[in-house]
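Undergrad: Please read through the structure below; I'll follow up with questions.
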Amino acid sequence: MDSILEEQTEPDMQQPKQQVAPPEAQDGTQRVLRKSSWAAGKQRIRVSRPIFTQYNFDARYQFTEPQSGNGIPGGQETGLSWGGENSGDSGLGARLRRQLHNLRCSGDCALSNAFRLLPCLAIMRAYRPRSDLLPDLAAGLTVGIMNIPQGMAYALLAGLPPVCGLYLGFVPLLVYFLFGTSRQVSMGTFAIASLMLAESVSRLAGGAGRPPVPELLDILGPPPAMYGPGDANETTSAMGNPLVGEAKAWYRMQVALSVSLLAGVLQILLGLMRFGFITLYLSTPLVSGFTTGAALHVLSSQVPAIFGIKVPRRESHFELAVFYVDVARRLGETNPVSVLVSALSLGLLLLFRLFLSDRLRRCCRFPVPVELLLVVGATAISHLASLDANYGLRTVGVIPSGISAPRLPSVRLWPALFQDAALLAVVMYVCTYSVCKIYAEKNNYQLDANQELFAYGLVNILGPVFGCYFSAGSLSRSQVQAELGGRTQLASLVSATLMLFVLLFLGPMFSQLPNAVLACIIVVALKGLLMQFTDAKRLYRISKFDFSIWMVCFVGVVALNVTYGLMIGFAYSLLTVVCRTQSPRVSILGRLPLTDIYQDYRYYQCAVQVPGVVVFRFDGALYFASVENFRRKLAKLTGFDPKLSRGEDESLHHIVLDCSGVNYVDSVGARFLQSLAAEYKLAGVCILFACCPHQFRRMLERSDFPDRSACVYISVHDAVVGALADYPEVRRWVISDVRSRNNSVVEPGASAVVTGIHSAADSSADALRRETVTGVQRFVPAGDEEAMSLIRNNGTSEISC
């Protein structure tokens, strides 16, 4: 049977009729290209071909299974051969020799591996000093200045000495410069990381007058002599989360460094195992709901410092509720000077952020470091007025100068910290990678998810050795670095150099800085995270499932705590995936008049169903959790239940399952299809399959599905025509209707065409009239005698469209 391809064009573009007969194909078919006019002025293609079952189609066009897992026969993509006629010796020894041969590394291969391991080589190789150096210098200096107040504030948020936050502005930036692939992200302190770290520190090292747990004292022993003879139970306070002397501060640092080191090791292992895809399982609504809820925890943790009161940190499932009860009980202890300093600081920061920053940006290219100016001014006033001694205002305290000597944190704490480290590693990887992805898309360069995971791991392995707790990408500092035109991570080197200068010479000058000022800096910096409340409204409009994920994670984090809230949100997120795959979309398809196209009749009012044949479409995975839903929906939409009817209803004789939307079938699904086909066959209805993906057909083959060569078709129309083999009149109508040459498109608003209610416009050339053939309504163009002739006389058994 010849296949004919016709293309019709507008009259004014009509070309002389040509017939091109290319060389005959292997299967003996010929293709003829013919150009002709069409009154409607649109192009059409007509194809004539035989009816194909999947078996006949595969046999005719020589279907062959790929020999390699990459989908390319013979391993052409990787240069490997895994057996077959081109592989030679296919024994285990030969395969091993080929693998060892492929491990040889040429000079080009070594250079490529070096560029992949150290992305900075490729970035700096393409560096253009004339255009890139000045923006990098400006961005680096500005971000370095921001790092000073933020580092001290976020360190106190984690319950650590402020100098630990300053350390994060040096070593992590150097390591990420070498191994990171993002060019705009600013590594260092991050509010959510500090909050999650505070959970571990408080649990093991104690707080609010509680001593460290005995296991911690047994593992670490007494603190070094440099921290004085202070008892581990001697209480002082900082930032509303009481610390316990210098000895207690040392224990808290050891816990923070140990959990950070373990988290870095886990990130390295995940990177080596190519687990960068783990970001796919923490969806954007989940991360947004989690960070918004965590921002409320961060905001709440600053309330004691703002009011100048001491609030114990309790281990409770309803952390925020218990916390605010304790705050209400201690409001009578409020320090008026602390409240005054906080009010002035918040007023200044909000005035600048909301009203002055945009205006100053028009006048000055570089952002005004209002946080640093506030820190310097507050430190000077506190020192001159002796606010700590005269009014009991809590200050940062002594900040040692210099860089921390390298020292490996204790690994004996890892068993007690594994859960905290795993959550910290995964969640902060997702948050940091999300920030990197934003700026990679804006600046049109590629990120390597696994290399990023490897880089974060190295940052958090080398950082704790030099006194740095967990480091992550900061959204606020990254935004400033990008807005100032930072082109590469050379800006991070500039920031690290500035922080080194501060650590060596300027650190002790901030000892009189009030904690209330740092608390206000943190509160104002949370604006971006708190604005994510608008995501909930947007998600509600777009997807109810995503909105529910956001709400469950947010409520879980706020009502319980950060760890349990994240676990609940993650579990619920996976549950929604199961629910969506368990109950996917189903529909009944009808054929559009004068075409071989089948669409959901609910959306296309002119779609008609072929008598005796129902086309059922299932969009989703057919596996153990969805088979019963498949059975129920099939019986409901077709109106036929094989268990209730045993051949009594003759109006339905075939069901065509459109399997183009079935992306996965397991063994339970394949066995279910066998039993389903058998049930319907006993009831007098035959089930046919159409548009089956390869994995679907392979499961039918492996499960020994009976008569699979005769019941699986290449397309829905093939299956419908095949189902009408014993119904010649309907079959003749379907084929002739599709072959009608003067096909017309029903324009929107032509309701008279669909309903059959005609007006005086029926006499126009564009009017359609309705014909009934074997009880089925169909539409043909008025005056199309060729179509009517085909309907009445054409009995060909081929498909035309």
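Even glycines carry a Cβ here, placed using N, Cα and C.
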Undergrad: Look up transmembrane segment in TrEMBL and report which of 452-470, 680-698 it refers to.
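TA: From TrEMBL, the annotated transmembrane segment range turns out to be 452-470.
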Undergrad: Could you check which of 368-385, 710-727 is flagged in TrEMBL as transmembrane segment?
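TA: Result: 368-385 is the stretch TrEMBL calls transmembrane segment.
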Undergrad: Can you tell me how the residues of the domain 'STAS' (603-723) break down into helix, strand and coil by DSSP?
TA: 49 helix, 22 strand, 50 coil
Undergrad: Counting CB pairs under 8 Å, which listed stretch among 255-282, 337-356, 547-575 touches the transmembrane segment (368-385) the most?
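TA: When the Cβ pairs under 8 Å are tallied, 337-356 comes out ahead.
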Undergrad: Three or more CB pairs closer than 8 Å, sequence separation of 6 or more: does that hold for the transmembrane segment (255-282) against the transmembrane segment (421-440)?
TA: yes
Undergrad: Mind checking which residues reach the transmembrane segment (421-440)? Cβ under 8 Å, same chain, six or more beyond either end.
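TA: Cβ under 8 Å, 6 or more out: 181-185, 187, 190, 192-193, 196-197, 259-260, 262-264, 266-267, 270, 278-279, 282, 284, 287, 290-291, 414, 446-447, 449, 452-453, 456, 460, 470, 472-475, 478, 482, 563, 566.
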Undergrad: What average pLDDT is reported by the model for the domain 'STAS' (603-723)?
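TA: Computed over the domain 'STAS' (603-723), the mean pLDDT is 89 on the 0 to 100 scale.
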Undergrad: Which of 490-510, 516-535, 547-575 shares the most C-beta pairs under 8 angstroms with the transmembrane segment (337-356)?
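TA: Going through each listed stretch, the top one turns out to be 516-535.
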Undergrad: Within the same chain, where does the transmembrane segment (516-535) have neighbours whose Cβ lies under 8 angstroms from its own Cβ atoms, ignoring anything closer than 6 residues to its ends? I mean 6 or more beyond.
TA: 149-150, 152-154, 156-157, 162, 191, 239-240, 285, 288, 291-292, 294-296, 298-299, 302, 305-306, 308, 338, 341-342, 345-346, 349-350, 353, 371, 374-375, 378, 393-394, 396, 475-476, 550
Undergrad: Mind checking which residues reach the transmembrane segment (547-575)? Cβ under 8 Å, same chain, six or more beyond either end.
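TA: Result: 195-196, 199, 281-283, 285-286, 288-290, 292-294, 296-297, 316-321, 419-420, 423, 427, 535-536, 539-540.
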